[in-house]
Amino acid sequence: MPRYYCDYCDTYLTHDSPSVRKQHNAGYKHKANVRIYYQQFEEQQTQSLIDQRIKEHLGQTGGYQQVGAVFNQHMLARPRPPMMLPPGSMPMGMRPPVLPRPMMPPQGYMPPPGVPQMMAPPGAPLPPPPQNGILRPPGMAPIPGQGGGPPGMAPIPGQGGGPPPNYNGLPPPPPYHTNPAAPPSGNFNNPNLNNPNPSAESPESNE
């Protein structure tokens, strides 16, 4: 006679009759085993759900990591910006920055000798043009066959030349004369102070 096997209790019943199975299913051991079985089943389902969500999250994070890796590779492939060089060290082949034009000196200011005058002050007459009509920038050597020497030097005798480069159309200032030295005695009321020869007498005294 075959016996009935209970999956929840993992036991064989003595008889396979419906009355015996009904009596076994009504017992407290069978009910406790059924409760434990479904609790384990729910725990397994919950764990499998958690594992699935974790795998999905890791898959998305992996996709983000792949995108980030591709972006980093793209950034590394781009050329880096040039480094700032310290002032005074220019690489070979590069032109230095263009400096602004010098400011015009104030009215009446004369540049030192040897320095070419960039701009004449307002109202000053312009120097005469060269003989052959070719203008040269200040500081440039003269053209062969044309009079004049380098800036700051007088023209060579026998050759025609224009005014010096520092000429601005104004006459030179008069020489500065110092006052005669005072006598060491400090006598400022001496009548013979202006007379260079004190022994000479005036013609009025002889009369």
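Glycine is no exception: its Cβ is also placed from the backbone N, Cα and C atoms.
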Checking feature assignment: zinc finger per Swiss-Prot, candidates 4-36, 37-69. Which range matches? 4-36
Can you tell me the mean pLDDT for the zinc finger (4-36)? 88
